[in-house]
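Heads up, the thing below is written out as structure tokens.
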Amino acid sequence: MTAGRFAPSPTGELHVGNLRTAIVAWLFARSTGRQFLLRVEDLDRVRAGAEEAQLAELTAVGLTWDGEVTRQSDRQAHYDDAVTRLRRADHLFECFCTRRDIAEAASAPHVLPGHYPGTCRNLSEAEREAARRVRPAALRLRTDVGQYEIRDVLHGGYTGAVDDFVVVRNDGVPAYNLAVVVDDAQQGIDQVVRGDDLLSSAPRQAYLGSLLGLPPVEYAHVPLALNPERRRLAKRDGAVTLEALAAEGWEAAAVRSLILRSLGLPDTSLDAALGAFDPFRLPREPWIVDPSHLSSTDAATVPPNR
Ligand code: GLU
């Protein structure tokens, strides 16, 4: 079985940009004969009720998925297993740095901005022993590539930096980059469609996958929805969630039509969009959403329940 997926973090309601990415992921999966899985990425921040709300929002725009929804919080054994394998192969080292330590060391001229400066990479056992008494260690990947290339349907070959990134946080929680790689492989997911804010994380993830002996995945990083100031769309920008739009007279089907039109696809139904879907004709520019223009007059121009 091969599959694509949508993997929201349950931190709040989905906005029209998130729903658009979910629809694109569904179109990619369904148009290539893949299953479409839904995974809730709940290892980090979780807002009570957000998961239920997000599932209801995805359903309201007509999306369906295969099998049960999975939750990262149920999958600890898979992360432990990967950490054990990485540790045995000597790919991990303990890191005791605080954010401040890293910021200070990273300002040295030879360190690339945003990269781990290597402080704890070569500590002696005695140094580690002493450091463990002060604070718990995070586990970082000992990388030796500097950069790594991935293939992306929309971006072609993309080479990005790979530093000694964290795979287990110092509170013992698996880091996003580890969890996502382990889950995708273990769930048979070989197509990763998501917002292009994560494009620069893909080389790290693909490199980690290669160390774990996992097959490469096909990526498609799709342009995000932005507000008129060209910043990432957020709830504070106005009525951009299904709930807020409903209060202004928008039915979920009308929001779906708006999203499909923004993708240059037939807007009558998901199936009609699927029939016309061609990844190479997807817009390559961000979708600019101006909530002050999403008036109920626009909603009214779309016949309800189309
Ligand atoms: N959970 C991540 C997010 O909501 C997405 C992770 C992914 O698609 O790889 O931003």
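Glycine too: its Cβ is placed from the backbone N, Cα and C atoms.
For reference, TrEMBL has these:
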BINDING   R5, F6, A7, P8, S9, E41, Y176, R194  L-glutamate binding site
DOMAIN    5-261  domain 'Glutamyl/glutaminyl-tRNA synthetase class Ib catalytic'
MOTIF     8-18  motif ''HIGH' region'
BINDING   C95, C97, Y116, C120  Zn(2+) binding site
MOTIF     232-236  motif ''KMSKS' region'
BINDING   K235  ATP binding site
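Among the record's L-glutamate binders, R5, F6, A7, P8, S9, E41, Y176, R194, no two C-alpha atoms are more than 16 Å apart, and one pair sits at exactly that spread. Local packing around the Cβ, expressed as the count of other Cβ atoms within 10 angstroms, is greatest for R5 among the binding-site residues R5, R194, K235. Contact annotation for binding-site residues (P8, S9, E41, R194, K235) versus ligand 1: P8, S9, E41, R194, each with CB under 6 Å from a ligand atom. Note: the Cα of C97 (Zn(2+) binding site) and the Cα of Y176 (L-glutamate binding site) are spaced 19 Å from each other. Taking Cα separation as the measure, R194 (L-glutamate binding site) is nearest to K235 of the binding-site residues C95, Y116, C120, K235.
Summarised as a single figure, the pLDDT of the domain 'Glutamyl/glutaminyl-tRNA synthetase class Ib catalytic' (5-261) averages 96. Mapped onto three states, the DSSP output places C95 (Zn(2+) binding site) in strand. Take the Cα of Y116 (Zn(2+) binding site) and measure to each of the binding-site residues A7, E41, K235: the nearest one is E41.
Comparing Cα positions, S9 (L-glutamate binding site) lies closest to K235 out of the binding-site residues C95, C120, K235. Neighbour counts were taken at the CB atom with a 10 A radius for the binding-site residues F6, Y116, Y176; the maximum falls on F6.
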